[in-house]
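Annotated in TrEMBL:
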SIGNAL    1-22  signal peptide
DOMAIN    32-153  domain 'GOLD'
TRANSMEM  188-207  transmembrane segment
Amino acid sequence: MTVVASCVGVLLLFAWFTPSKALYFHIGETEKKCFIEEIPDETMVIGKYRTQLWDKQTGSFLPATPGLGMHVEIKDPDTKVILSRQYGSDGRFTFTSHTPGEHQICLHSNSTKMALFAGGKLRVHLDIQVGEHTNNYPEIAAKDKLTELQLRVRQLLDQVEQIQKEQNYQRYREERFRMTSESTNQRVLWWSIAQTVILIITAIWQMRHLKSFFEAKKLV
């Protein structure tokens, strides 16, 4: 019963972490699209994309011409550019995170150089793979001559390693949140103390001012 519960727990963890995302979006000729991806440190990320150009005659999206390029720019949580490169209409980019946190992935086309795309619409299919999902296991099995069981064990080890990285990243986020909360509470405390001191000083000044006023009027 304990073994079954442990297996269910591991499967739930695997279901919780889904480091592979595929989507598509539309951009104009001067438009720039950015995405935020939370990535643990020392994690490989692979992005694949393909573009389709809107064709007015057919009223549908067709594969883009080879001359149409996409510029990919990636920034780490410290807004440091870790990748900035021009690719073709279909491309693949790779980078490894060295700082845990939110990474910004931006894409835009070089369509201003092409009259074909002027005023048109471009559809970009983007697939982002993180962690063990970047591994080509059939290629690894062929290279290292692994059996099916050995390959499955390798996959499980990679998944466990990725889960550990995710857990470390969650602890890192919790630590940052705790530090932010403590800093905020400390500022609120000092602000309350400052308000109290100001009120006391104001009250003392008012009392002395009233006393001086009454003495000047010979009321006391």
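Placed from the backbone N, Cα and C atoms, the Cβ positions cover glycine too.
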The domain 'GOLD' (32-153): DSSP-derived helix, strand, coil residue counts: 24 helix, 64 strand, 34 coil
For the domain 'GOLD' (32-153), the averaged pLDDT of the predicted model is 82
